[in-house]
Every structure is written in C-alpha cells, then in structure tokens.
Amino acid sequence: MKNVDYKLYLVTDRKVLKERDLYKSIEEAIKGGVTLVQLREKEMSTLDFYESALKLKKITETYKIPLIINDRIDIALAINADGVHIGQSDMPLIKARELLGKDKIIGVSAHSIEEALEAERNGATYLGVGAIYNTSTKGDAQAVSLEELKNIKNSVKIPVVGIGGINEENANKVIETGVDGISVISGILSAQKIKDKARVMFDIVKKNSTK
C-alpha cells in the first residue's frame, strides 16, 4: 500500500475504554484525526478477534484509512486487512511477508538501531519504536530514549512511529525527533471526549512535525 499517513496511529485496548463501545470510540477517534488504526487484543478468542476485525474494517474502509492487525496474520488474511504489526518475538518478518505478499503493510517493533536495520533489510514497511515513556498498556515494554528514537529514525529510510505512553503533554517532544508519527492508546481512548482529544493530538503532530 502506497502513501500511508502515519501521523496519528491509534492502537485499540478495550481495558482503557472500560464499558464504552469500541467501534463508536474508534469512529470518534477517526473523525478527530486518527490516520491509521491497529486492532490489538491479546486476550480475545480467535472467533471474537475475527468478528471484531470485520466490524472495525467496515469503519476504517468508510473513512479510507488503513486497518492493521496486531500479530495475528491469520486474522489479517481472513479479513483482507491492510497489514499487520509484529514484535521481535512474533512470526519472523520474512515469513510474514511471504504469507501476506509484497503490497501489504508490515510494521515491526524495534528497540535499537540493529533491530531497525534488520527489519528494514527484511522488508518492513514501517517501524514502531519504543516505549518512549512509561505505559500501563504494555507492562513489559523495553524503554527507548528520545535520543535513541532520533538515531533510529536517522538510520533507516522507512517510516518510523514513536510508541509508548505518548499523550498530549509529551507528543511534541516525540515528533520533534523527526519521526513520521506517534502511536497512541490511552492518550486518546481514556478521554471523555475521544473525538476532541484526537483532534488535539493531531494538531500537535501537525504543528511540531519536521516533515
């Protein structure tokens, strides 16, 4: 897929939403400026994940933004999602690319220049680099400083997205490193007015972007 806008990358987490409806919340976030959505549900059955992905795909297609599936290549293939995001301990990138084909988006988590360069060599579409700040949604996240984020961005040619604990207060510092976008969970989904918060975050990215 060409010309993907990584500016404001929303990752789902039902725990953050609590009792609020996932699909309405995601739609509100998209209306506020989210440019990319990743369905990430680690504790869901395959059937529930599949059905959730199908519902979410209808929304993302309506607004013409990509839907990325976290880890589950089988689900991505089953619903013809725009791509997947995989971590360092998930299926090898080369095998994922073989299964998905050359046109699908494949994002890879990276925590160092070495991991970033290897992912780029093996065909990653973009990199998710972090955690930049402490995050409650991924307790085992490896820390990456802003300086390291900047160095990783400067070492590769593919897009880089900063991830981990990014919110309204610190988003500008992340964007100023030169990255292509920020990945947000709680920074948007924990807000009472999700659409308004997404708009604030989008404006911060746009204002501070070096691109």
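FYI, residue positions are counted from 1 along the chain as it appears here.
Backbone N, Cα and C atoms are what each Cβ position is placed from, and that goes for glycine too.
According to Swiss-Prot:
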- Gln38, Leu39, Arg40, Glu41, Lys42, Asn70, Ser109, Lys138: 4-amino-2-methyl-5-(diphosphooxymethyl)pyrimidine binding site (BINDING)
- Asp71, Asp90: Mg(2+) binding site (BINDING)
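Annotated features, which come from Swiss-Prot, shown on the structure.
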{"residue": "Gln38", "record": "4-amino-2-methyl-5-(diphosphooxymethyl)pyrimidine binding site", "Cβ within 10 Å": "22"}
{"residue": "Leu39", "record": "4-amino-2-methyl-5-(diphosphooxymethyl)pyrimidine binding site", "Cβ within 10 Å": "27"}
{"residue": "Arg40", "record": "4-amino-2-methyl-5-(diphosphooxymethyl)pyrimidine binding site", "Cβ within 10 Å": "19"}
{"residue": "Glu41", "record": "4-amino-2-methyl-5-(diphosphooxymethyl)pyrimidine binding site", "Cβ within 10 Å": "20"}
{"residue": "Lys42", "record": "4-amino-2-methyl-5-(diphosphooxymethyl)pyrimidine binding site", "Cβ within 10 Å": "9"}
{"residue": "Asn70", "record": "4-amino-2-methyl-5-(diphosphooxymethyl)pyrimidine binding site", "Cβ within 10 Å": "20"}
{"residue": "Asp71", "record": "Mg(2+) binding site", "Cβ within 10 Å": "20"}
{"residue": "Asp90", "record": "Mg(2+) binding site", "Cβ within 10 Å": "16"}
{"residue": "Ser109", "record": "4-amino-2-methyl-5-(diphosphooxymethyl)pyrimidine binding site", "Cβ within 10 Å": "23"}
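According to DSSP, Asn70 (4-amino-2-methyl-5-(diphosphooxymethyl)pyrimidine binding site) is assigned to a strand segment.
Between the alpha carbons (Cα) of Asp90 (Mg(2+) binding site) and Arg40 (4-amino-2-methyl-5-(diphosphooxymethyl)pyrimidine binding site) lies a span of roughly 14 Å. The separation of Asp71 (Mg(2+) binding site) from Arg40 (4-amino-2-methyl-5-(diphosphooxymethyl)pyrimidine binding site), Cα to Cα, is 8 Å. The secondary structure of Lys42 (4-amino-2-methyl-5-(diphosphooxymethyl)pyrimidine binding site), as reduced to three states from DSSP, is coil rather than helix or strand. Separation of the C-alpha atoms of Leu39 (4-amino-2-methyl-5-(diphosphooxymethyl)pyrimidine binding site) and Asp71 (Mg(2+) binding site): 9 Å, rounded to the nearest whole number. Rounded to a whole value, the Cα-Cα separation of Lys42 (4-amino-2-methyl-5-(diphosphooxymethyl)pyrimidine binding site) and Asp71 (Mg(2+) binding site) is 9 Å.
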